[in-house]
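What follows is a set of notes on a single structure, which appears directly below.
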């Protein structure tokens, strides 16, 4: 009797459908908590952050069949570049964001413009 139950249990597990990965899927920063079931051959949740100093970071989240993460330090991502982060558990891309926040980059741009304007003012006064 125990053997029959064991065989039934093994058959039930072997024939049950595999659980698909669930990821947040969105195309912009405004709607980035949107859980969806990924296709069966997609094994990664992928977050791609485009660094845009004037518009802030643009975030895209999706299911992916392959993914390679980029690693960067805060403040070392140049404007116009993208940072990719990957994970492999359900809804793991909910909180993944770029290591270079848009506000920090915007502050750097503002500081650079202020410095340039100051130098131009000093040069104009010296002439």
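Counting starts with 1 at the first residue shown.
Every residue gets a Cβ built from N, Cα and C, even glycine.
Listed in Swiss-Prot for this protein:
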- 23-45: disulfide bond (DISULFID)
- 26-32: disulfide bond (DISULFID)
- 38-63: disulfide bond (DISULFID)
- 67-86: disulfide bond (DISULFID)
- 87-92: disulfide bond (DISULFID)
- 21-108: domain 'UPAR/Ly6' (DOMAIN)
- 98: GPI-anchor amidated serine (LIPID)
- 1-20: signal peptide (SIGNAL)
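Overlay of Swiss-Prot feature records on the structure.
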residue : record         : CB count, 10 Å
23      : disulfide bond : 28
26      : disulfide bond : 18
32      : disulfide bond : 19
38      : disulfide bond : 19
45      : disulfide bond : 27
63      : disulfide bond : 22
67      : disulfide bond : 19
86      : disulfide bond : 19
87      : disulfide bond : 18
92      : disulfide bond : 18
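Reported as a whole number, the C-alpha separation between residue 45 (disulfide bond) and residue 86 (disulfide bond) equals 6 Å.
A gap of 11 Å separates the Cα atoms of residue 63 (disulfide bond) and residue 92 (disulfide bond). In this model, the domain 'UPAR/Ly6' (21-108) carries an average pLDDT of 79.
Within 10 Å of residue 38 (disulfide bond), judged by CA to CA distance, lie the following disulfide-bonded residues from the set 23, 26, 32, 87, 92: 23. For the pair residue 87 (disulfide bond) and residue 67 (disulfide bond), the Cα-Cα distance reads 9 Å.
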